[in-house]
Structure formats: C-alpha cells, structure tokens
C-alpha cells in the first residue's frame, strides 16, 4: 500500500501501467521509487477482493513457498515474492505467508482476534473551564492541585467526573474494517484508546464490558499487549536512524521463534524489513535518516509510511488507527485503506480507523461504521446502511456529498439539512446528541447489534483463548517468560537495542567527537592554569592540589548532566514501542547506558590523562590508575543519578530544577569547599550520603599518602632567623611539626580534612555501591513510570474573566470543541446553545464595517528561479492572474506545483532566488507598505500562547492599522471582527497550547482574525486553511471566507483537493501544474460548470455527474496519483481563447488602473504603520504580560534563587572572622555564581519561542520592527532579574554574615547597598549573556553550550582557584578579561574588608621562641617585615602562638582583592552587561535580520 504522494514523490515521473494478464487486471507489485505508478496499480488491482483471491489461486501453491531466495536463477524463484525485485507483489506475499501458515497449523499456530464492547462509558476529571495561572495565583493553583490529588474530595463523583463517552456498543469481527466518524471533540480518539486498552488520562466505567475474543483488557495489558495496537496521529521516531535501521530494529524484536523453517533469526528479520519497505514505497529511502522537525530526513509523507510500516511489521491482530490519513490527499488515503482491507481479508486481522476527510471510494471499503456526536454513539452498523438510516431519521444528503461527509454533517447544526417534508408532516426529527442517541437505542439496528454482541460475549472462548496463548508462546524466544507480552527475551531486547543505540551514536558521531575534543581542550586549559603553582612538590601546592583534585572530580562527575536532554528525546518513542510490545522500557534504559560506555571511557581517558600530567599530580603508575578508577566511578554514579532525576520528571524544565539543586549540594559538600570537620551540625548528613565526598576523600588520600612535602615557607622567616634552632620556627602549612623541614601528606590530610589512609578503598566501594543502586533505581523507574499523561483540551480564561463569567452564570455554556472535555450538557441548554449560535450566525455580519478592498491586485508573466546545486531551476513559469475586491479565488495544483511559492512571491516573502515579471496594485509597483496592506494566513497557526483571543486581535490592530486611527475605533473594529468570525463565546479565552487552550478550528479562526484586525486594504492570502481539519470544520472555514468576500474583501486561497461542495464556494480558480505552469485561470461558474466546459471543450473526457470536479480536473491534467494527461494542458491553455482574454484584461489593467485617484500621503507608504517607540511600548507590555502569565518560568527562577541562596547561606551560616571563616566567605562568593547555568537554561527556550513567533508571523507582516522585538526582550527581562537579585541579596548577605563585618567597620549602609548592586548586576548579567549567545544561534542547546563554556572559563580564571600570581603568564589575560574577576573581587572585598581577624585555636602556629626572648621580642622583626599577623601572648616565653593574618584586608591582598577597587569593579561589571546587550543586538541584526526582500528583479 502507499501513503501520501508528498513533495518528494511529486517529482517522480509516472509511467503508464499496462495489463499483465488475460483478465486485463494489473497486478500490485509493491512500492519502489515509482510510487505513483504503483498507487495506480494497487488501485486497479485490489478493487474486487474476489478477483484478488482468484488471481492468487492461479499463481501460488496452496502450501505456499519459502519467499527468502538465495539464488535468483533457481527454478523455484518467484520475483513476485522477492521484495528486492521490481515485480514484487505485497498482496501475493501476504497470501503466500497465509498459505504457509495454514499448511502446518501445529507449527505456525494461526489464530484470530475480534473486539466486542457493551455499555462502554469513559469518564474524565471535570475541567471544562480553567482560570489561567499567573505570577500571583500560580503557587496557590499548584498547591491546590497537589492538595486535590493527595486529599480525596468530598464532592460527589458526579461533580468530579464527567462522561467523555456515553454508553455505547460495538463489534468488530476478525477480517472486518470499522470506520469511526465524528467531528473533532466527538470522542473518536477516546473510543479508539478505550477499545485498544490505552486509557491513560481517563477511566473506563466498572460496568463497561470489553472483550477481545474472550480476553479482558487486563489480559491484553499484562500478557498480550502487542496483539492490540493503537497508532496515534503523531509520527515520532529516532531522527538520526535511517528508515532501514528503524524498521530492522522492530523486525528483530518481533521475529518469532516459529518463523519459516530453516531460516535464521537475522535473515528473517532482514527479509521482513525489505518486505515492509517495498510494500510502503520506502525502498528508495532505506539509507535516509527518518528525521523530524529539526533534523533533516525523509519527507512528512514518507515519515507517515514509516509509522505504518512499524505497525505492519508488528503483525497485530487488532489495530486502531487514529486519523492515520491526516495530511494525505484522498487518492493516497484510499490506497492505505485498500491495503488494510487486503490484510484483514487474508490474515483474518481486524482494524478500526478514525478518519476526518473520507472519500466515497474509501468509505465503500469499510464493513462497518460508527458515528459519534459529542460523546454519544448515534449509529453503529453496516457501512452500506448508514446513509439510509439517517435519511429515515429525517436528514437530506445534498447532491455530490460523500456518505462520510453526510454522516458527520448530521452532527453539525449549521450544516445538516432537515427534510422539509418531515417538518411539514410534523414528524419529530432528533437534533441534539441525546435525542439522536435515544433514537438509535430504540432502533432495530441497535437491537440487532446487541444480539450480535450478546451472542459473541456468550460464546465459549476457552478453546480460542488456549489457541491464542499457544500461538503467543510458540512465537516467543526460548528464554522469554510465557506470561510476558514480549516476543524476544530480556537479553535479546538489550542486544538489539544496543545495536540500535550504536547506530544512533554513529549517525550523530559529531556530538561524541565534540565532547571528546571539548573535554580535551578543557583539560589543557584547566591543567595549564595549575601548571605554574604545581610545578614544585612543596607545601605551597597543598591548597592548589586540593582545588585541582576537586575540579577533576567535579568535571568528571558532572560531564553526564546533559544526558537528561537525550532522555526526553527518546521517552515518547520508548512509550510507543512499549505499547507495541517491542521491549521493556528498562531494557532500553540499560542498553542506552551500555551504548554510552565507550564514549564515556574515551572522553574520560582524554580528559584525565592530559589533566593529570599537566597539573603534575603524583607521578606513579598505581596512583594514576587509582585516580582514573575513582573518576570513572564518579562518572557512572552521577550519570545514573541524573538519569533517575530525568526519569521521574515530566518535562525537561522540571528535571533541570532538581538537577541544579543536586549539582550545588553535591559539589559544596564534597569536602573541599567546606571540610567535614567544619560542616555545621544540622547539615552533616548531606556529607554522609554524598557519593562525591567519599570519592574526593579517596583521591586526596591517593595523592597525599606516604609523601613528604618540603616546606616552602617558614614562620618566622628572614635573615634574622637563619640560625635559630629548628624548634623555634615552624612550616606555615597545616600539619607541620615543630622542628621538621617537611610536612607529611598524611598529617596534612588528617589535620585539614580528617582523612585517614585506611579509608582509601572505602570511597571506591561506596562509589561502586552508588553506581549499582542508582542503576537499579533507574531501571525500576523507567519500567514503571508512565511518563506525562495526555490531557484533554480545555478552554482557559484569565482569572478576572472567570470571576465575571461566574457572576453572569455563563460557565455552563462555555465548552471547547474537543475529545476529553465535553461533559454532560442538559438537553435544554444544548438546544439553547444551538439556537443561540444559529441566531447569531444569521445576524453576524449584517451591519459590520469590515475593511473593503478597493484596489485590484494583478500579476503578469511571473517567474521564480532558484539555484539548486549550481543549476537554475524554474519554480514558477509565466503565471498570470488577478484578484478583485469581493471575490474568492482558489489556487490549486498537485504537490510541488508551486502554490505556496506563488503566494510567497506575491506577498514579498521569499528571501532567496530571482523573481521576474510584473506584480502590481492598480497598475503600480508594490511599495514599502505593501506587506502590512495585505493579510497572510499561514498554514501553521502561530500565536502567543499567553494572550487571549481579544488581546491577540487588538495587538494586531494597534500596530498594523494606521497610527492616526484612534484606539477606540481600533477596539470597535476588533469587536466587529470577533462578531463576523463568531468568536464571541471564547473571545476572552487564552490561546494556550494544543490540549490546554483553543482547539484546531478556533486557532484557525484566530489566525484569520489577526489578519483581518490589521484591516488589510488590498487582499487576504490564505495558505491551506483547511489542511488537517475535518470536512465540517473545513466547510465552516470556507463559509467564513465566502462571508468575507461578500463584505468586499479580496481573497486568494490555496486549497488541496477540496470536496465538490467546498469547490462550489469559490468564484475563480488558478490551477498550476508541476513546474509552476498555468493550466487554467478563470471563473468556476455554477457547480463549476464554466471550468468543466473549458476542459471538456479542449479534449478531456466527460465529467460524471456524481464526480467531484476538483478530483476530476486533477485526473484530467495528470496531477492525481497514477493518472496521465492525454495532452500538455499548459500548452492548451496558452493557445486558448480564454488565455487571450486574460492577457487583454491584464493589458487594460496595466494601462487604465494607474489613472485612478489614490492616496499619496507619506504615511500610507511607510513600512510600518506605527513608530518604533510606540512599537517598543506595546511589545514590551505584551511581553511583560506574557512573563506575568508564565508562572512556571518566573517561579522556577525565584525558587532556584531562593533555594540556592538558602543552601549556600546556611552551609556557611554566620561565617566568623577566622582564617577558615574567611576561606568560607570567599568560597561562598564563588558558589554564589553557580546559579548561572540553571537560570540561563530556563531563559533560552522562552526567548526562542518569542523569536520563532516574531520571525514566522510578525516580521513578514510588518507588525513591528526587529528593533522593537530585541529591545523589548531586554527591557522586560531586566526588572525580573533585579527582583531575583534582590531576593538573593536578602537571603545570602545576612545568612553568610557579611552584614556583621560591615557593622563592625561602621559601613553598614554603603556596603549593604553596594553588595545589593553587585547581586542585582550578576542576575542581569546572566540575562545579558544569555541574549548575547542566543541572538544569533538557531537552537537553545547550542547557545547553552556556548554560554556554559564562557562561564566555566570566566569562573576558572577569576582568581579564586588560582591567584593571578600563580597563573602562567600566558593566562594572565584571561584573568583580566573574565567578568567574574571584577564581580568576585568586588563582592568579596565589600563583604569582608576592614575587620580584624581572630584565628581559631587550631589555626594558630605554635613554636618556641629563641632562648631568653619573649614571643613579642622574638617575632617582632618578622611581623614588621610581613606587616600582618598577631601574637596571642607577646609576653610568653615558653610557646609562641601566632596567627598569620591580623586584618581581613591582608587576607584580601593574598587573593589579589582590594576594597579600594570596589566601585571600579562594579562599574566594569556593568560595562560587561552593556557590551553583552549591544553585541547581542548587533549579532541579531547581522545573523537574522533579512538584508533583502522578495522584490522583483530589475529587468
């Protein structure tokens, strides 16, 4: 079977199919790159199922033959069974496999599965209306949600729950196809999920019965999950895998034990993959990446085929397809359904398909149909009887309306036609969902259905159940548990997933290479930073040795932090494959870990070898390998920990908060920043549970044990003390013993950290235990954590609007048209709403002053050329046309004909290539104001999710209507637009995101509304306004366009194969064939008669009276799949009388229209309607409102700020003025900056969302300039960062105790104010660097990596880890250019300066004075030389106690910090912020502002 003929397929040339047998019946040969040819073959071959069986009996032996051929020259070779042959026929292959299975039932164990349900009721939590969370109510709303989850509600279950599906019944027997029809929101998706046992997010009532030929949904979920499969709309795949790799993995995981005799597992899997690719037209894409929205790969249509091929390989007996034909035209959708029919007939499988736009030919293939209306089942039965059933009910089917469209139109009050005869005769016609449901339940068809279901449910299925179980066990591999739903064993799952993961790594090897090179570079940079101070193995290296070791363990441990990103990419795929019973999620998790081991080892080897030897750690083989072993344990322990965090989090942003908190806690309590002996009592437990603490301890013992470090500095020192006895001076290092000229490493560790050598291997053992513990925990979480549950669509309103609506008692009448929120609406209110809406639609637009187009827009000989691989390709070829006020013009053509390209050229939206020809407005060239004088409704509905409908419309009106129009007039005009678009019910609803906000139709109306609110004076372009919509919504959008045209608006609209009824709404048609060539431009006429007459008069076959004129025309010109034109209709057009008339009209327009009087004022021709300052004001207000209504973003910013600063503040709580206290205060300032990464990563996605919306919609329509966009981003972010900086200051400054230093120095106010300025400046700096990095980067991850690198380098060279005096001369420039140098210097000096130091008892150096001297006399010369330090008791003669420092300013000098530079430092840091913002603005202009527009080339 084939799927959509997409843009890639469109370029494939078709060849004529010839009959290949005596029955003049062409055989279906599968799919290779000639997709269209094959579509036609399949369509012609499989129309009659009996013919198919007849054909098979003539060509295949009853017992079947082995289809895996090793020799194509052998006598038994059948090319129709060989997927690599051009003659391959998938239908014959399926029949052959069925024959083989039936020939040996004891081995292959064939079986079948049907599905029967009775009294099926689905319920969801009542939430049809929500108030919008904002910065103030966000925490309350979140706590209320948690409370409601934890504490059972006292409300009745009726209040809490509502029925999504009301009581319904159904039966799908083996070999049958069921189509489910209904408008969006009717419950189609919920029904499919219910009968496929995928009920996340809603509940099935206890009284409901669902039977799968005797099995319960619980049996399916636990033991036979793979037999019942639900295929969702979205096509989610691993983007970097090729099509072949994606499908081969599925085939390997589904290869049965009872496969073809004599064929090994791998050969069978490869054959199955080849068959699937040949069947679905994917053979030519085998080595192409599947891709996604960001990764370039196969086309959208081909990706849809990959999804279908996956399900096909799974071989499920009951398949549920949710809108699987979305985005496919009717011809290719037909082929998909035909192939489903063949599969059902031959393999005895059953399928249920929910479909939105269903052609008559497709409908006729279904055995049964189920019609849903707002959760009510209003018909279930034979597809052939449904139309008659509703006609009997009292509804009329218009001429040329398909049966499927008629059945869904019955559920739409605005579209259904009630039989006038019934009304005249007073016969009751059911109209509300409940009335139709009651009519259905009283009908004979319902009674027949109940009889069928009861007979099926009462059947004895014991034999059938045993058959299914035997078949399942026979398919399972040897080591698989019989009760397991999976086909292959756990070990084989890991093996195949490991292969898949290695493919992924190979396909994206650039990432691994970047990590290796990046980490190696960091090893060189960091290692060389310590090179000078670690050159000599003396006591002077003690601090730096600890710092370097701390850096090593942190860098290795946190190198796995970014693994969280990849977890979220793969999660939906794993969840999908779990429902297909391909593998355990834990098997995928374990394979993922194993596959990354080589990359981790290579990265660790490259980093650690370079770093270890450059830093000059201990040169000993055993010591090095122990160092490497400990760091490898750190890598895996943290990798598994971060994976655990990711697996319990619903979203990436939710995972980053705990990950950031862990990062801070683990690093601060590792033993370096604050030694274990100095940790405050209440927080010691953090050290005991911290794996990094034990690993750091082992590394330090490994480095220092059994070493003598020569003393680098003695106290006292100087020429006066050269001849004093050894016990009269001491080494200045901790651990020194009086009289020794060295310090033992073990003594230093014991005194400084309380580390003992006997604990060396303890760290390794505990680290390994953590690795195993986190691994097991991660696998358990992956296996049993269901991930984010899907929500139904709900309308969201701002809280003040909700209050007002409650007062007006409107809430019960407001409902979003969707699947999971339509609750029980009383019959009366339902009728009232129907009546109200019909009254409003009658009145709406009667007296509305919509903008009327006055000018005629016309183009002549329009050509568009682009360079592709050094060749010039013509996309549009001499296209002519016009759009007049009050007309609705359709633009049609096959995929790849250039429809959207023509719109973009006419609207000046192309940024590459060369456009030639004439494009004129009333005979004059387009001016700068043209882009804002038109409305352009894109195919994607792009809106700001936090705005309401009314706010979105007003924003467009304020900025795009002329500045001289008053605000009152603009507001009134917006109200007019709301009325004509019939959006009054949800005018104050928040746009939201799909699922929580407006539904598809409402979004499409808003898209049109935003363009109308701009009051376009020329015309409105609409690109595919009906794509992805059901036929009823498409109809309502088309009616809306007609209404606009009737109000004098000029409209040009591209449309993809409209229905006959839709087609009749248009006035004119411009039809393009492939290559951008015109085939027809002219009136359509009543019932498209003018257009039909044109083609019939120029040699086409007659249009059948019941045919869709659009499909007939596509077939005539050879644009439908498999069709061929009997002549070149472009040449026919160029030689026709109609073409000459078009040329004459265009000539008249060019000559006469310029004579019209037009407004030539300067404001009319400006690029933007309003000034830059006004734009900045409005855009900033909107952005501020967005921030206010995004509590997740703001509260995570403040939560992180509060947590980080409380954590740091209470770790170093009220640090004293001892040496350790000063060290702690310096490290506290250093740790203050680690919030940089988490805050930056939160901001970047927010900016990217804003920018994408601006560049896709607001910039092309000239709503506001790029200057207003970028300046508003800066202006709105700064106040929130200042607020966060203020919160940080209040917590941090007082907790650490900086205020007490200022108080003692009598500088409380100045130093407090300056510290607050530094704190705010740092938070603003984070925002400025984020803007600088993202301004020119396309994706947030790239900007985050760049900013993280810059921050790491700034932090490394800021002077804390290594003082500038200790750095190699080469790196001094880095110290000077690092912005954190000035921040930390300023904060530290402001925090601790001008106070006396008081050493703790253990920090005092003790030694004996020279004979007959007091300590004061003995140390006097030394203290005068060093100018710091104090003696505890100068008069002592026995033991001198000396504190090395006497004043905090002396300590500051030792770390190159000075209090006198405090204001200079703040000023320099502010300059860095200004530089970041200015550079960000410049880089945005340089990289992302278009320097040319799609203007016409000068001739």
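Even glycines carry a Cβ here, placed using N, Cα and C.
Feature annotation from Swiss-Prot assigns compositional bias 'Basic and acidic residues' to 1-11. Annotation comment: Swiss-Prot describes 857-1099 as domain 'ABC transporter 2', evidence class sequence analysis. The N-linked glycosylation site feature in Swiss-Prot is assigned to 24, 96, 99, 323, 537, 813, 1159, 1301, 1412. Annotated region 'Disordered' per Swiss-Prot: 1-29, in sequence order. The transmembrane segment annotation in Swiss-Prot covers 510-530, 548-568, 597-617, 622-642, 654-674, 763-783, 1193-1213, 1228-1248, 1278-1298, 1314-1334, 1342-1362, 1466-1486.
Features as recorded by Swiss-Prot, highlighted on the structure.
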residue : record                      : Cβ contacts under 8 Å, 6 or more apart
96      : N-linked glycosylation site : 60, 64, 65, 67, 81
99      : N-linked glycosylation site : 60, 61, 62, 63, 64
323     : N-linked glycosylation site : 188, 233, 354, 355, 356
537     : N-linked glycosylation site : 616, 707, 709, 710
1301    : N-linked glycosylation site : 1217, 1311, 1391, 1392, 1393, 1394, 1395, 1448
1412    : N-linked glycosylation site : none
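Of the two recorded stretches, the transmembrane segment (622-642) does not lie close to the transmembrane segment (1342-1362), with fewer than three CB pairs under 8 Å once pairs fewer than 6 apart in sequence are set aside. Ranked by the number of CB pairs under 8 Å to the transmembrane segment (597-617), the listed stretches 510-530, 654-674, 1342-1362 are led by 510-530. Two recorded stretches are said to be in contact when at least 3 C-beta pairs lie under 8 angstroms, sequence spacing 6 or more; the transmembrane segment (1466-1486) and the transmembrane segment (1314-1334) meet this definition.
Comparing 548-568, 1228-1248, 1314-1334 for CB pairs under 8 angstroms to the transmembrane segment (1342-1362), the maximum falls on 1228-1248. Mapped onto three states, the DSSP output places residue 1301 (N-linked glycosylation site) in helix.
Across the residues of the domain 'ABC transporter 2' (857-1099), the predicted structure has a mean pLDDT of 86. The DSSP secondary structure for residue 323 (N-linked glycosylation site) is coil.
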